[in-house]
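Chemist: Provided herewith is a single structure, encoded as structure tokens, for subsequent inquiry.
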């Protein structure tokens with residue numbers, strides 16, 4: 001078998017089917033169906049009960065909304081042996097050192113086994129999420145690496161760099177796949193895999209958003225997305241939509257098949273947007289902005305329904321993420337939190353519904369640029385300009401003897 005055949009076989013195994021050139025029929029649960037059929041979705045119902053959760057709006061009566069879920073932690077424990085504690089009590093678990101310059105992004109793998117980080121030192125590092133052992137240092141980029149994204153199978157890791165290229169890595173071997181994804185004319189700020197792993201979206205300083213066929217390493221669509229650098233991109237959970245954001249203050253929603261812009265979200269303050277993330281149920285967008293705010297958008301209606309504050313973010317491109325926790329105040333229901341870094345070395349965690357600050361994580365010596373939650377939110381990770389990654393573990397409030 002030739003090297004080319006081996007490479008193609010690997011791509012077939014880990015990246016899934018080729019993107020179909022034909023538009024598939026959208027079922028009624030697809031986030032995109034709201035645009036196609038002009039029908040209002042029930043945004044308080046998750047797409048499925050397995051890994052989606054819902055947010056409720058603030059009511060006119062002043063009652064505090066809550067995230068909905070059909071099982072309490074005790075009921076779920078009987079099925080999944082989930083040992084997570086109630087509430088949000090993240091404590092320092094380990095500090096990962098090895099990067100020689102600031103760390104731009106940190107991401108848990110979908111299977112929860114690995115933590116990946118990327119840095120201005122031109123490298124990507126893969127760590128064991130439980131022990132902190134360095135598994136691989138991935139080298140090949142010619143300039144700083146600003147963004148990383150895991151394929152759904154936790155085998156392929158993509159990285160985007162100031163050298164204008166995207167590279168794909170097999171984390172089993174630490175080897176770079178032969179063909180880099182090239183085409184952007186400036187620094188690459190953000191990348192994200194599609195849910196099937198067969199497409200990748202990228203946003204660049206060149207103001208464009210590219211949709212890539214990962215198998216062929218070719219651009220499927222080039223979207224003239226914004227009038228300023230594109231700072232964040234993400235795929236919705238079923239792959240039908242792409243979100244992009246920019247320092248022009250806009251968030252845009254795109255049909256990933258046709259490349260059509262379906263919605264533009266803009267807040268009245270028009271602050272530069274530094275990151276964008278779809279909620280796990282695919283019905284909300286979380287965006288961080290340079291007015292020290294994180295906003296939750298009900299994007300089908302084009303409305304900002306929550307604003308989270310309490311951190312400082314006026315200069316650096318800092319990202320935000322979602323997570324879950326067992327709410328002590330709601331009979332153990334699983335609730336959602338939002339998390340964002342800070343320019344004073346902190347990370348702040350808010351309850352998505354009440355907007356209350358649940359916890360402030362302190363310990364970094366410089367700006368916290370990246371945050372991420374493990375798949376079950378038992379751990380969160382932060383990375384900083386101080387060159388370190390910190391992993392925090394949710395533990396009972398009481399200290400063990």
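From the backbone N, Cα and C atoms, a Cβ is placed for every residue, glycine too.
Feature list, courtesy of TrEMBL:
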type	residues	note
REGION	1-90	region 'Disordered'
COMPBIAS	28-48	compositional bias 'Polar residues'
COMPBIAS	73-84	compositional bias 'Basic and acidic residues'
DOMAIN	95-393	domain 'WDR5-like beta-propeller'
REPEAT	96-137	repeat 'WD'
REPEAT	138-179	repeat 'WD'
REPEAT	181-222	repeat 'WD'
REPEAT	223-264	repeat 'WD'
REPEAT	266-307	repeat 'WD'
REPEAT	361-393	repeat 'WD'
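Help me picture where these features are in the structure shown.
Modeler: If you take every residue in the domain 'WDR5-like beta-propeller' (95-393) and average the pLDDT, you get 96.
Proximity of distant same-chain residues to the repeat 'WD' (96-137), defined by a Cβ-Cβ separation under 8 Å and at least 6 residues beyond the stretch ends, is recorded for 143-150, 152-154, 157, 159, 161, 169, 171, 174, 319, 366-367, 369-376, 379, 381-391.
Taking Cβ pairs closer than 8 Å, the repeat 'WD' (138-179) reaches residues 7, 10-11, 14-16, 101, 104-105, 107-111, 113-114, 116-126, 185-193, 195-197, 200, 202, 204, 212, 214, 217 in its own chain, all 6 or more past its ends.
The helix, strand and coil residue counts that DSSP assigns across the repeat 'WD' (181-222) are 0 helix, 24 strand, 18 coil.
Panel annotation: around the repeat 'WD' (361-393), residues 82, 84, 90-97, 99-108, 110-112, 115, 117, 119, 127, 129, 132, 316-325, 337, 339-349 of the same chain, lying at least six beyond its termini, place a Cβ under 8 Å from a Cβ of the stretch.
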Chemist: Just give the helix, strand and coil counts over the repeat 'WD' (361-393), going by DSSP.
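Modeler: Split by secondary structure, the repeat 'WD' (361-393) comes out as 0 helix, 19 strand, 14 coil.
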Chemist: Can you break down the repeat 'WD' (138-179) into helix, strand and coil residue counts using DSSP?
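Modeler: Counting residues by DSSP class gives 0 helix, 22 strand, 20 coil.
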Chemist: Determine which residues of the chain contact the repeat 'WD' (181-222) at the Cβ level, with the cut-off under 8 Å and only residues 6 or more beyond its ends counted.
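Modeler: Long-range Cβ neighbours of the repeat 'WD' (181-222): 11, 14-19, 143, 146-153, 156, 158-162, 164-168, 228-235, 237-239, 242, 244-246, 254, 256, 259, 275, 317.
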